Amino acid sequence: MSNNVYERNRIKNDRYESGVIPYAKMGYWDANYSVKDTDLLALFRLTPQPGVDPVEAAAAVAGESSTATWTVVWTDLLTACDVYRAKAYRVDPVPSAADQYFAYIAYECDLFEEGSLANMTASIIGNVFGFKAVAALRLEDMRIPYAYLKTFQGPATGIIVERERLDTFGRPLLGATVKPKLGLSGKNYGRVVYEGLRGGIDFLKDDENINSQPFMRWRERFLYCMEGINRASAASGEVKGSYLNVTAATMEEMYERADYAKAVGSVIVMIDLVIGYTAIQSMAIWARKNDMILHLHRAGNSTYARQKNHGINFRVICKWMRMAGVDHIHAGTVVGKLEGDPLMVKGFYDVLRETELSINLPQGIFFEMDWASLRKCCPVASGGIHCGQMHQLVYYLGDDVVLQFGGGTIGHPDGIQAGATANRVALEAMILARNEGRDYVSEGPEILRDIAKLCGPLKTALDLWKGITFNYTSTDTADFVETATSNP
């Protein structure tokens, strides 16, 4: 008997021995595995239970997220099980973290239904996060193969087409969230939209929890918002919009609201992350068919994305949402009130905006990845930002971003229109300084003070918020370098 035949028989006898055997012995660990271009790769941060070998824990995750159950089953012999088993092929200790390991796992592409985010995630995150062999588990990064990416639509509109529709180039887009989130009547809501747009920003926005409550039903809100948009557009000569939140209890209701938004002239609609992956993909398909921009509010993400040792890293959510087809997603500000280490946020933005990804461990990007010509998704920076931070925002986030000032517009002492004007003037001044070759990062405060001499609303805003910062240490920081989380 040849050595190859003997080895195959040995593996078969060992692997299909009745009872409970280690996952690594069942074929879910292969240190010599050669990764294929068509493999989907996942990187997990493992914290094994005391006494559990890291390799066995990695094999257990591979098994439970692909074909395994807790015991050997003879029906494996009826499948191409050696092909369909996920393979953990590498385990590395996490730098400066005791008892944590990076586990690399490869999945055959045929394990996943084409174009279905729900099916892919049912495997990758379906059962394993409650598995007893691991004390904690976090999905840090994924490489989606080119062949599988081509089965997804990608962003409904994309950054390039959105700029063409708005006829706005060479600067970040400006937005603001209507405040207070809840309680306004439709007429007052529409007035906020008008004042903000008339002051110079590009978009107003519903917040995540404004849908159709007793104090303001959705039709009323849509109509008053569109009146404000149309008046502001006519007065300014600029294309304007307001993110009309069509999130609802059922898909039928969401389609009805989205169709109505289009019928009354909106260029953009909004949904919340909490509606689920299938609903998000469905709305993205609707948006592509109807030439609408689709904004996604990441409501709920920090319940599983913020903690460093358990959950899902937000960069993975960014990849999934670009695949699903949204045009905008909130992705952090660095300088605002929400979680956001500078390197981590840069990684999120690269995932959304680049056509190809290179390995960048300080930013948490572990895999090279070609986006297969899927359109770019525009990051949105919102949460505790104001015009006095404009130099930092432009430096960290670049041009292809929506800078969304909610309280930083609505909270201006002289009114909403003055707040919007302050933000627009601050942005235009910073872009001009950058284009002139000035060191706008270090000179930013001086640039703002100089232009404020010519703009009363900006001077008032700078005086009001000059001491406001949110320099808390981020929870999610880089594993491979020391990371400064304070702002320059």
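Cβ atoms here come from the backbone N, Cα and C positions, even for glycine.
Feature annotation from Swiss-Prot assigns substrate binding site to N127, T177, K181, R298, H330, S382; the stated evidence is sequence analysis. If you look up Swiss-Prot, you'll see K179, H297 marked as active site, proton acceptor, on the strength of sequence analysis. Summarising the annotation, Swiss-Prot assigns Mg(2+) binding site to K205, D207, E208 and lists sequence analysis as the type of evidence. If you look up Swiss-Prot, you'll see K205 marked as N6-carboxylysine, on the strength of sequence analysis. Annotated site 'Transition state stabilizer' per Swiss-Prot: K337, in sequence order.
Using a 10 Å Cα-Cα cut-off from H297 (active site, proton acceptor), the binding-site residues that qualify among K181, D207, E208, H330 are D207, E208, H330. Ranked by Cα separation from D207 (Mg(2+) binding site), the recorded positions N127, T177, K179 are led by T177. Straight-line distance linking the Cα atoms of T177 (substrate binding site) and K205 (Mg(2+) binding site), rounded to a whole number, equals 5 Å. Here E208 (Mg(2+) binding site) comes close to N245, T247, D272, H297, A299: these same-chain residues lie at least six apart in sequence, with C-beta atoms under 8 angstroms from its C-beta.
By the criterion of other Cβ atoms within 10 Å of the residue's own Cβ, the least surrounded of the binding-site residues N127, T177, S382 is N127.
The binding-site residues considered are K205, D207; of these, D207 has the fewest other C-beta atoms within 10 angstroms of its C-beta. If you take the Cα of R298 (substrate binding site) and the Cα of K205 (Mg(2+) binding site), they are about 14 angstrom apart, rounded to a whole number. All protein chains shown were included, and the count of other CB atoms within 10 Å of the CB of H330 (substrate binding site) stands at 23. Residue with the densest Cβ environment among the recorded positions K179, K181, H297, R298: H297, by other Cβ atoms within 10 Å. The two recorded residues, S382 (substrate binding site) and K179 (active site, proton acceptor), have Cα atoms 13 Å apart.
The two recorded residues K205 (Mg(2+) binding site) and H330 (substrate binding site) have their Cα atoms spaced 12 Å from each other. Taking the mean position of the Cβ atoms of K205, D207, E208 as the Mg(2+) site, the remaining same-chain residues with a Cβ inside 8 Å of that point are T177, V178, K181, D206, N209, I210, Y243, N245, M270, H297. Comment: substrate site residues N127, T177, K181, R298, H330, S382; largest CA to CA distance 37 Å, whole number.
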